[in-house]
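**Student:** I'd like to ask you about the structure that follows.
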């Protein structure tokens, strides 16, 4: 027989071997090709459908950030949503793919009939594993392609479908060529089915030729249909566009691919002229943009919200866009500067690999144990299989996330997790503090805190991706390989179908509920925002008796969240039900095949138990992916706000290589400064000079530009035209931090930390001694008041300093500025909440006596003109321009705008003082009337009361004729 084998021609044998390999690998290679094509299409399409507006330079700590991208808006954008094929062409594509499925069904029926004619247990002829895998896998694969066509919202196939048809055509051509080569050989009349060379020799006696002819005919029809689909696609789309994945294809194909991550109108904030929130598209489209002093002046979107503020409906994006967006977090999570932590990461990865090996060994050792027990029970001298039992139990102790290896890896990973968490959270916290004034003026505190709190979920998500997703994917591939090696390709195909169906079902069902989950997250954040706003505005709520309204508003926010949560929970339970149906159905098929093979004697009971054990192990990874995809959605939606927050850049940044401001002398010069807020003029042609040690005051109506001057001085913004100089150098030639160190600010509204008075005072200068603190407080006339508190300087000031009066907070703010020891002091209505006596005391120490203000340049904003009469120069502002300048006496002599303001305030103060005198006289009269009433009857007392009222009324009405009285300590602010 060996000699006969040696005389067998090699052509049919080689063709037969190629045919068997092509058949058995058919579904696996096509699924692999589908995954590769899908991934490649996602990458290419995501790049072509977006327009790079402006790259974001770096995030917190200098880490790189992804570019900000916006959907392309082209003139032919309408064609992007219109069908590329007519309804008749789309029907042809669907019908052709359905016909391919029918050809495989015909093959399956043909194979079953041939097996019935011979024997179901016969492994040769038509009843071989390779052919069954080829036919069954073909039905499953092309049925999935057909479902994807039927499920498309638009009646047109995508480049992915075209690629699959091309690959399928090539593969079917290989199968057809191998079959024709086999049939055209010396034994061309033999059946081609899975036979060895010796079986092939005896085949003419067993098989009729029509069986091969039928199979060949159906195969040729399938190849022709695939060829027709490819040709039709090429002809309709055009040869040039066939191999180009355009942006239109991207929009059409990605419509159902994945859950959105980032807002399509992402707003970037980078160094611009006015520091406003300008979109990148506006910057790019601004044809009239002009570059000045290293910044760009462009229009700004009105009422623009930051991208992390509750996006409602986001454009659908692919997995590649998710990954590309989330890679921003990796530099913060990887311990680049910690070799010990990197070693722990390596050890953890080794443990993960060992866990994969153990997952494979457990079913094998269980089968060995079952065989050993069975053999021992049949032996004349039963011996307990201790070795097999101990090995199996040892492996079980190390299997699973909660076993020895999993727990040990989790403990080793704790310091890595802590490093990642602190790195990401502190980076986000530092980034928010580095953002510009525009951001903080427009932020919603509740929303911002909600975004900052997502660092933990992002860290957990990335840890799951590293130590659960990748290992679990590896488990699935290992499971398919294990079934192939141990039980054959049919079992491997069943495992592949179960895995693929489970994952596709999970992704599709979860993707359709992405908006529901987003609504739930948005409702949760809105609830937090309402709660934060209401509690912060506690006093305002009480002022207007608005408790019922606030209770109703918060209850409504909770109800909205619960409604959204109910939809998400119902969808999740529905998905869990279908996941169970899919897995149990697949498990039933596999167990039926395994039980049948045990019955016919092809396998023993130990192998049956191995199949059951490994199927149970396969359920774990599949269940993980089912829950993980939901976790991914939650993490993506939670992390997108943090990601967008990272991408917001400060509009004020140092120019490269600028030095710090050293030994500031306090000389200030403004020369022809212009500045706009969102195309609304704020300052125009502003020029003035402040010599060291002098005081300059700014007066004028509200909105005249006084606060804007302070903001530019403190470098919250850069001027758009002209220049601002300190010590004869442009402030942009110094670092922002050094300029701000040289400037002290006393704002009109003082915000204190919810700490002790001493903590708030030392905040300006951490190295201040107690004596320096006491001296500063004496200068601010607050020292004695603080000592009157039960806890003195250790008194807690409450939230935002609400336990202190407005005057006390202002005096603490003045003392804090004194402790900073700046060369330039900006006072923004710094004494507006003080009485006149205290105000005069502070002025005497800061301005007149020069005890603490000597050598310091002071800029003052004041509405009460009596507080700035000592200033060396007073600038009167009107609509962003200086209309008058000079000393108090000079401006009074001019009898202009300043003179009119002075006269108005003087009259108001006189009237107020007269009203106060009248009020005091009325009170005195009331006291005298009460004393007189003690000696009178009740009736006379009533009359006396009326007299008192009359006296009081008379005095008040005649008050304007009463001479003005100068009262020490009188605190009257003109209106």
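Just so you know, glycine gets a Cβ as well, placed from its N, Cα and C.
Unlike curated records, TrEMBL annotations are generated automatically.
Below are the features listed in TrEMBL for this protein:
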type     : residues : note
COMPBIAS : 927-943  : compositional bias 'Basic and acidic residues'
DOMAIN   : 346-634  : domain 'ABC transmembrane type-1'
DOMAIN   : 668-904  : domain 'ABC transporter'
REGION   : 927-949  : region 'Disordered'
TRANSMEM : 24-44    : transmembrane segment
TRANSMEM : 91-111   : transmembrane segment
TRANSMEM : 131-150  : transmembrane segment
TRANSMEM : 162-183  : transmembrane segment
TRANSMEM : 213-236  : transmembrane segment
TRANSMEM : 343-369  : transmembrane segment
TRANSMEM : 490-510  : transmembrane segment
TRANSMEM : 577-596  : transmembrane segment
**Student:** Using a Cβ cut-off of under 8 Å, list the residues of the same chain at least 6 residues beyond the transmembrane segment (343-369) that approach it.
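**Tutor:** Sequence-distant neighbours of the transmembrane segment (343-369): 335, 385, 388-389, 391-392, 395-396, 398-399, 405-406, 408-409, 412-413, 415-416, 467, 471, 474-475, 478, 482, 486, 606-607, 609-610, 613-614, 617.
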**Student:** Between the stretches 91-111, 131-150, 162-183, 490-510, 577-596, which wins on the count of C-beta pairs under 8 angstroms to the transmembrane segment (24-44)?
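**Tutor:** So the stretch in question is 131-150.
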**Student:** Short question: which residues 6 or more past the ends of the transmembrane segment (91-111) have a Cβ under 8 Å from it?
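**Tutor:** For the transmembrane segment (91-111), the sequence-distant neighbours (Cβ-Cβ under 8 Å, at least 6 residues beyond its ends) are 85, 126-127, 131-132, 135-136, 138-139, 142-143, 145-146, 149-150, 157, 161, 168, 211, 214-215, 218-219, 221-222, 225-226, 228-229, 232-233.
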**Student:** With Cβ-Cβ distances below 8 Å as the criterion, list the same-chain residues six or more beyond the ends of the transmembrane segment (490-510) that contact it, or say none.
**Tutor:** 27-28, 31, 129, 132-133, 136-137, 140, 144, 259, 476, 479-481, 483-484, 571, 574-575, 578-579, 582-583, 586-587, 589-590, 593-594, 611, 618, 622, 625-626, 629-630, 633
